[in-house]
Amino acid sequence: MDIPPLAGKIAALSLGALPLSYALNHVSALSHPLGLALMSTLILGLLFVAIYSLSPGEIYYDPLYAVFAVFAFTSVVDLFIALQEDGYAVGFMEFFTKEGEPYLRTAHGVFICYWDGTVHYVLYLAMAGAIHRRKRYRNLGLYWLGSFIMSILVFLPGNLLGKYSSEIRPAFFLAIPYVLVPCWAGMRVFNQSRAPTCCTPNVVQEEQRKGILRRPVDLALVIYLTLAGFFTLFRGLVVLDCPTDACFVYIYQYEPYLQDPVAYPKVQMLVYMFYVLPFFGLAAYALIFPGCSWLPDWALVFAGAVGQAQFSHMGASMHVRTPFTYRVPDDAWACFFGFNLLYALGPHLLAFRCLWQPAFFLRPPPGPLDHHKKNH
């Protein structure tokens, strides 16, 4: 996969979040939740105007350039929120976590901020750089789309359903664009043309003749998807209070974080069960039967989704902001970490396999093979 160079102009603009957040932290008007929401809206509006003034050509070429630039700015803010809450930075974002979004002070909130401030930030710079140089960024966009949507699917319902539901402030409604923009961005990313492949019709047909037993990598992935599917279903039943002994032992001895009243882990497991579990089944089908051209794209989407989710879930399970009774027990740490790390790596290996050798997933070319014809 061709990784474009990063956008230096957007990086420089996003770093302006540091002095701005430090200055705003000392403005007394921001001690009121409504004032904070209005100020945040004004800042985002001025930021968009600045981006449009600096790069009108890029925005006309691809409007997502402005989206990535704005989100890069907010990623820097999120990174310093996480650093602030973990004690690595002082004087930047206390006003926002206190009066704007107090649920960002939870362990889950801290880790989604870390992910947004690192992984998403690099993706924004790379995709903006690709637009500036008129290059493709479809694969990066699909990975970002899955990661971003997963964070929204868990974070927003968790805020409304968990113990912080009474702490909803006006700034919460700034999340509305964060719900609508990915829908629009996802349609634009999916509508972009795919990178051309070097697979000839003969190679495609030859690869698609091979059964699953002749493709050991695909066989291993099918086995992984099957086991991961059972694990997904099991954890979904655990958070639904399944009364079996296995569920009882698991939630108390291995992942007590699943019963944390913040509700994020419960929502996460339900999202896994209702969205990721069906994908595992469909992906196993696509690895057995050839011509499922949808798998490479959706493998990237779900790799981003599971990567973000597992990073936040694993980190929050062990973070000091999680009450001690809900953290992973010391004697179960290795088991918990191993299973959850494998759960995160599997979709990435599947996406890499689809990009590495896509011939099995391409639509079979019409007509007989050329080498089956007689050469006259």
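Just so it is clear, glycine is given a Cβ too, placed from its N, Cα and C backbone atoms.
Computed from a predicted structure; not experimentally measured.
What TrEMBL records for this protein:
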{"type": "TRANSMEM", "residues": "33-52", "note": "transmembrane segment"}
{"type": "DOMAIN", "residues": "61-186", "note": "domain 'EXPERA'"}
{"type": "TRANSMEM", "residues": "64-83", "note": "transmembrane segment"}
{"type": "TRANSMEM", "residues": "103-128", "note": "transmembrane segment"}
{"type": "TRANSMEM", "residues": "140-162", "note": "transmembrane segment"}
{"type": "TRANSMEM", "residues": "168-187", "note": "transmembrane segment"}
{"type": "DOMAIN", "residues": "217-351", "note": "domain 'EXPERA'"}
{"type": "TRANSMEM", "residues": "219-240", "note": "transmembrane segment"}
{"type": "TRANSMEM", "residues": "269-288", "note": "transmembrane segment"}
{"type": "TRANSMEM", "residues": "336-356", "note": "transmembrane segment"}
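Within the chain, the transmembrane segment (64-83) has long-range Cβ neighbours (under 8 A, six or more residues past its boundaries) at 7, 10-11, 13-18, 21, 44, 47-48, 51-52, 55, 58, 89, 92-93, 96-97, 104, 110-114, 116-118, 120-121, 124-125, 127-128, 131-132, 141, 181, 185, 188-189.
Residues 212-213, 246-247, 250-251, 255, 258-259, 265-266, 269-270, 272-274, 276-277, 280-281, 283-284, 287-288, 339, 342-343, 346, 349-350, 353 of the same chain, all 6+ positions outside the transmembrane segment (219-240), place their C-beta atoms under 8 angstroms from a C-beta of that stretch. Counting residues 6+ beyond its ends, the transmembrane segment (336-356) has Cβ neighbours under 8 Å at 1, 139, 143, 217-218, 221, 224-225, 228, 231, 254-255, 283, 295-296, 299-300, 302-303, 305-307, 310-311, 313-314, 317, 328 in the same chain.
Mean pLDDT across the domain 'EXPERA' (61-186) comes to 86 in this model.
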